[in-house]
Amino acid sequence: AWKSFKSLASLPRLPRPDAADALVAHLASLRDRHNLKRAFAAAVFLLERRPGTLSIASLEALLRAMDSANTPAPALALVRSMLKNRVFPPFAAWGSFVIRITRRNGCFDAFLRVFEESCRLVLDEKVESMKPDMASCNEVLEGCCRELGSVAAAERVVEIMSTMGVSPDPESFGSLAFLYASKGLESRIVELDKLMDALGFSDKMIVLKSLISGYVKSGSLELVSSVILRALKERHDKSSYLLDEDTYGEVVKGFTNGGRIKDLASLIIQAQELESSQDSVGIDRSIGFGIVNACVGLNLLDKAHSILDEMNAQGAPVGLGVYSSILKAYCKVQRTAEAAQLVTEISAAGLQLDASSYDALIDASMSAQDFQSAFSLFRDMREARIPDLKTSYLTIMTGLTENNRPELMASFLDTVVDDPRIEIATHDWNSIIHAFCKVGRLEDAQRTYRRMIFLRFEPNNQTYLSLINGYVSAEKCFSVLMLWTDIRRKEFVQFDHDLVDAFLYAMVKGGFFDAAMQVVEKAQELKIFIDKWRHKQAFMENHKKLRVSKLRRRNFRKLEALIAFKNWAGLNG
């Protein structure tokens, strides 16, 4: 196709528009650089020779491919060619791709010139299709503020937005706030604040977060603290996170790189005083938690503990949010001694561990196979009236299952079975029964089964399958017969193919042909198909030498059952 295009392009007459357009779209879809160059060359050629040939969809596909390939120069060249040859697709079809790719590659200033030209077309020539929407304008403004760091460029974009009738929103003000804070332009920040009030923007959290990032960049850490405290006072939704993880990370880097641990501790202390009057602020939404958690996320665990030590040195009460993040980090890296010491400090401070802290401690204990510590922690958790026990309960049960400790699973389940906060179901008992059967402890499995029924938990097919497979593996088919006798007429048992097949196999293997035919009758009653081959094999392996003449003398009923089974299985031929 490319060779044909090159041949046709050399002729006075150009290829058909639909064929040329399809070629560009196809080459762009291949996503390799060689074909991307071909697509670019073909697109520019067509824009120069016959501007109306290329569809918006093909241009968009080509720019998307350039974005994926991270090639800013061809993308800018393509847009310039479009403008030069007066091809004006909607800004939304090309703008976001080129903004993203130029910001990523440090050449946003080149895009800005293209943006200004497209806006000139909107204003001077009334080309409405080229008008960027609010989101696109904000992307451009953010590029001026964060990539270029140019006050002049940013304010020029704001002026263009105003001329086009695009009003700034909180995102716009946030970008400007970052720029002014990073440049130390306090008077501009005051003006920005007043303008937001005049326009009726009461929620300034986006702007405050941007100010924090800007002040961190400029090294104005005192102002970082003051803005965080202001944001804490002004936030409307007390249940939301004040700052995101990235912003907390910026704050921590700024303070720790400057050796300002004492100032970080002071910030947390002041924040705790404000948060104490805001009852709905959760532990993991506190400033202390956010800062310490960022330290942990940046592998600065020792710095996090230094903050804790500094708070203690200043005689300030330490909130659970500060302790919690450090505690979880110690648990995660199996520093159990430090975690235990921290728990002691938390108790001494009169604080109560929350559910997530207990979860982390129990998970660490189970990972270290320290099951008794896990049980002790879970007991403390219950006594502390923690409402959510599910995560820790599952952690313990899963850990014991993985370590093949069914006896501990059974005793643990017995201690918590009456706790309404824990939703125990049949599958919990099944896990224990299966684990006992797996290691050949069939009496314990049977004891658990009886205990399960006594406590009014209804067995299901998985319960029976575990028991049957365990008994068969241990050559205890008589126990399967007893189980069959017990449940065959119970209405709650939902017989399916697997359960019927397992019972029949055990009956045949054990030589209980009367019961085997009862299973066959049950299958026929429920219209369950049984593959006879497996059961023929079981008969041949276990009863090949069984003589009908001997049975005739011993047990006529068993003889009848044997003949019936052989007839059913097709063994009399």
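Every residue, even glycine, has its Cβ placed from backbone N, Cα and C.
Annotation comment: TrEMBL describes 1-131 as domain 'At1g68980-like TPR repeats'.
Within the chain, the repeat 'PPR' (133-168) has long-range Cβ neighbours (under 8 A, six or more residues past its boundaries) at 91-92, 95-96, 99-100, 102-103, 106, 108-109, 111-112, 115-116, 119, 122-123, 175-176, 178-180, 182-183, 185, 188, 199. Summarising the annotation, TrEMBL assigns repeat 'PPR' to 133-168 (among others).
With a threshold of 8 Å between CB atoms, the same-chain residues lying at least 6 positions outside the repeat 'PPR' (319-353) that come near it are 268, 272, 275, 283-284, 286-289, 292-293, 295-296, 301, 304-305, 307-308, 311, 360-361, 363-365, 367-368, 370, 381, 384. For 319-353 (among others), the entry in TrEMBL reads repeat 'PPR'.
Residues 283-284, 320, 323-324, 327-328, 331-332, 334, 336, 339, 343, 395-396, 398-400, 403, 405, 408, 412, 415-416, 419, 421 of the same chain sit 6 or more residues outside the repeat 'PPR' (354-388) yet have a Cβ under 8 Å from a Cβ within it. According to TrEMBL, the repeat 'PPR' annotation covers 354-388 (among others).
Sequence-distant contacts of the repeat 'PPR' (425-459) (same chain, six or more residues past either end, CB-CB distance under 8 Å): 397, 401, 404-407, 409-410, 413-414, 417, 466-467, 469-471, 473-474, 476, 479, 492. What TrEMBL lists as repeat 'PPR' is 425-459 (among others).
Note on the repeat 'PPR' (354-388): mean pLDDT across this stretch is 91.
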